[in-house]
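First the structure, in the form of structure tokens, and then the observations on it.
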Amino acid sequence: MGSGAPRPAGGVAPHVVTGSTRACGGGGGGHGGEAEAAAASGRGDRRPEGDLGRAVLSSPRRALRRAGSPPPGARRVAGRGPPRLGRAELYKPPTSEELSQLKETEDLFHSSLLRLQIEELLKEVTLKETKKKKIDAFLHEINSLLSAIPETPETELTDQAWLPKGVKVPFLQVPFSVKGRFRFVPPTELKVVGSYLLGTCIKPEINVDVAVTMPREIFQDKDNLNQRYHRKRALYLAHIAQHFSKEKLFGSVKFAYMNSNHLKPILLLRPQGKDEKMVTVRLHACPAPGRDCTQSTEPPTPHYNNSILCDTVLLSHLQFLSSAATDFPGMKDGLALLKVWLNQRQLSKGLGSFSGFLASMLVAYLLMKRKIVKMMSGYQVLRSTLQFLATTDLSVTGISLVKDADASLPVLDDFHQAFEVVFVDPSGLVNLCADMTASKYHQVQFEAKRSMEILDDRMVDGFQVLLMTAKPMLRAFDHVFHLKHVSKLQGACKKMQLLNELMDRGGNYVAAALPFIVSLLARGLAGRALLVAHSLPEIPEWPIDAEPPKHKDVGPLMFGLLFVPEFAASLLEKGPQADHPEALDFRTFWGEKSELRRFQDGSICEAVVWEADTVYQKRWGTRGCVGVTGALLAPAMSLVSGTGEEAMVSVVCSYDDLSRKLWNLKGLPLTVTAVQGVHPALRYTDVFPPIPMKPIYSSYNRIRTKHLLLPLEEKPCPAYIAPLKIVCHMEGSGQWPQDKGAIKRIKAAFHLQLAELLQQQHQLVCRPAVTHTDVYKDGYVFRLQVAYHRETLILKEVVTPEGMLKYQDTEESRQLELETLHLPYLTSSLHGLQQQHPVFGSTCRLAKRWVSAQLLSNNISEECVDLLVAFLFLHPAPFTPPSSPQVGFLRFLDLLATFDWKNNPLIVNLNAGLTGEQAIKNRFVAARSRLPVMFIATPKDQWSSMWTQEQPSAQVSWVLCPCPVVAARLGRFPAPGAMVFRPPLEFYDVLIHLNPTQIPRHLESVDRPLKSFSRGVVKNSTSVKILFPVVDYDPVQCYLQELRDAFSDLALFFYDKHGGEVIAVLWKPLSFQPQPFKVSSMKGRMVTTLNSELVCVPNVEAILEDFEVLGEGLVKSVEARTEKWTI
């Protein structure tokens, strides 16, 4: 039963359904939230802003009348769209109204695009007139049927034999034995109330609330006791449901709890046939005016009484909102925007929700207090309401809609003693926020503050972020955990001495215990948590022949924690000083965990210190009052000792030490000007950071003359040792040659001399090569590559046939520029991002592990994934930057699934180096057909998207987006980490199964093997004089390269480089079309006859045999999954 703005006619008295149900205007109010939503779309912008902005500036009349009614003199041609304007009308000077709209657009909306987007959204969610007529007819028939329901004889409340077995009472009758008598008498009147009458209900779910007034004669004097009123209300609805279930008019007749409050069952009626999803009529049984069924007993029962009083004030709320909405067209639009905003944040449904009705009453309050005026537009109403929510804490200072002071009414302080959040209705008796917890209101307040920041930021698309992007708890909070066994809260109520609250809530132990659980969490996480929130208990509707859901049927309760980034991994809870009165409370709360500690400033305070050896334990370890689930990260990384952050730090420390040694090398003809790491481990984003290793000589053939090792054939493939690439820039000099061949020889000489000097001066084991020098240090292998800053320019030199010298990009120059210029810049930028956001690296690692697990490790670059994750941290709106890896990972999956790559570039503003984002968007639109499938722009790469230039290709881009199976698994979160990462293999045509003994990274697989093989290395970082280990050797990658070289025209190959046991093959459909016989194109094909002509078709059996022959010793079996090659 929500509320909102009226139809164009003025305020009218409440609409009573008698002969016709057609609303003549006016408005009404109801009790409870509507189920409205606006469909969420992708995260990208929908169209470029520049052209629309110029249109408004050059021709305001043309732009402003796009969505409005035709001006005088305009001609509309039937069936041909908008009216045609004459030249004089089109370029006529703007009116004062149009000028004021332009000024408002500039000052308030920041752009014409935002205004047009909001107008389009309002058109989309508003109910059309044709549907209103159908709904009115449906309501009229319901009215006729209600008046025809016969009376029943009076019986005891416990004697329900008159009710057939096919209908159950929609109320938990515990205990069953209650005094009192009941009989059914047809309702005295039927009133349509709520947002439908006001014209503010929005699509896609249209709910029409109807108040059914129960006659006075069915009530007795003591119906205020023992839930007798609520039982009579439920029996009244059950009798109506019995008769309506026989009518062909209804497609479904069901029960539900209003806002999941088990004391307030309602009857849901939907029409028959194709209109069943068009509307849901919700019948609310209400007492006749003047009947008081509240209870005045000890202990007090404010929630119980409030639930009854809500039924008695529906009419007064209707009249109040009707008068507020009179001559206020902006209220209707503002409420529609507010409802969409609430729904996208999952705040508008469930017990204690911030419903659409509550939003309507709040707008009416702001109007009464003159914080908004009736001249405001819908967008101004939205902003004013969000501003009020952001700055007003109703859990501390409540508000009231009572106009005139009355000494007989309770004051706000009385309400604050009974309820956590206070918003008193015009009667002065009902708290509209009675079921809302302080935690939930603080969440609303936090969202309002964040939304105001977004609306005021001209660099953010406020419309897309606030109204079109969903914010479920799983992606909005850093840590989310479940309370699975809700029934255990019943015992918790006794332990926490909440029996009075339990009685007040009618036995609902979930509602009674929830505020105390949240306050306990908030106290335990004080100073660490920015926000502690909970999901809204929500009970689905049920058939009339089923027993009503019990309190435990709300399902698992979710709790969300949003941490202050600086203190998210803190091990210390600092309390008050020992001689302060608060110290006793601190000791009582923490128990034996609390201890006295002296701090550096000399103070002696109570404190709690948590034990943690790894970053993983700091992030996920016990928090005293809550153990936060970290089941997603550890299984994905498969590291016994944590999640690898410590190993990454060790690598960086070793790299820093090597850098200093390179800077201080003596004897080089040219000095080292810069040392830049480019390996992912040096920006904290390597999925499995290198571990210090030394070889076991018994697993190798030793070639002592060259100080090398070769793996033995009979032994398993040695463990994979990744070389950590470092670029050493040498100073410029006139002695550098200007010939590219000579430069390569000079660089080779430098590689030899670097190896010699590092061995002489620092006793490091080195192995020089033409293109690099490998250095064994601290158990790691660093690969040094010398760079000369002018080499790229020299590689671009091309001599024309006329003998002219010109510069143009070549494949060789682009590759060198990527390795020596762009990759070091990206690594340093992302290293800086890791310093700002400590979980950036772990999020990247999870994202890359998932991409690889989907068999796409060779189809999308690591740098591309790093940039996608960086986007989530640099442009987090409407969220805050992630403070835990798992929420960053979930947002990464959502970005892949929802971003509109076809129509939008992804702009990653590293180091805030971009200012002209609109220019990039405009140029992207103009050149879309020539650009990569995924276009990523950065400050140093605004036009080429170098990291996605080659991969992913159009053929594999569809695999990259999370498939529905993954989404379903995530919906059951928390799920075992491996489930999220396992790839769907049913899409592939051929599976090549590999021999695990020859997979060097077998221990990195998603399903980590219980037993593995000796890989010829042991962990060791102290050895100095050793033979150089086998570096960068992965036979699976060598095999994959051979397959692609031989069969790339016939198939695509997919593999998980982190220990995958399967290579998946996807045939290219075009390659299986018969081709004319040519001797030059017989590779992998055979000759056959088709329509008396010789044609070539792929010889699949032979190809599959070739797969095995090429991978002899590595391939275990080849499995053909489909028959797609049948011609």
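Along the chain as shown, residues are numbered 1 onward.
Note that Cβ sites are derived from N, Cα and C of the backbone, with glycine treated the same way.
TrEMBL does not curate its annotations; it predicts them automatically.
For 1-99, the entry in TrEMBL reads region 'Disordered'. Taken from TrEMBL, the feature compositional bias 'Basic and acidic residues' covers 43-52. Residues or ranges marked as compositional bias 'Low complexity' in TrEMBL: 74-85. TrEMBL lists 208-325, 331-469, 474-614, 637-835, 837-956, 985-1118 with the feature domain 'Nrap protein'.
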Cβ pairs under 8 Å with the domain 'Nrap protein' (331-469): which stretch of 208-325, 637-835, 837-956, 985-1118 has the most?
208-325
If contact means at least 3 Cβ pairs within less than 8 Å, sequence distance 6 or more, would you call the domain 'Nrap protein' (985-1118) and the domain 'Nrap protein' (637-835) in contact?
yes
Using a Cβ distance cut-off of under 8 Å, indicate which of 208-325, 637-835, 837-956 has the most pairs with the domain 'Nrap protein' (474-614).
208-325
May I have the DSSP-based helix, strand and coil counts for the residues of the domain 'Nrap protein' (474-614)?
54 helix, 36 strand, 51 coil
Confidence summary for the domain 'Nrap protein' (985-1118), mean pLDDT rounded:
85
As a quick check of your reading of DSSP, tell me how many residues in the domain 'Nrap protein' (331-469) are helical, how many are strand and how many are coil.
72 helix, 5 strand, 62 coil
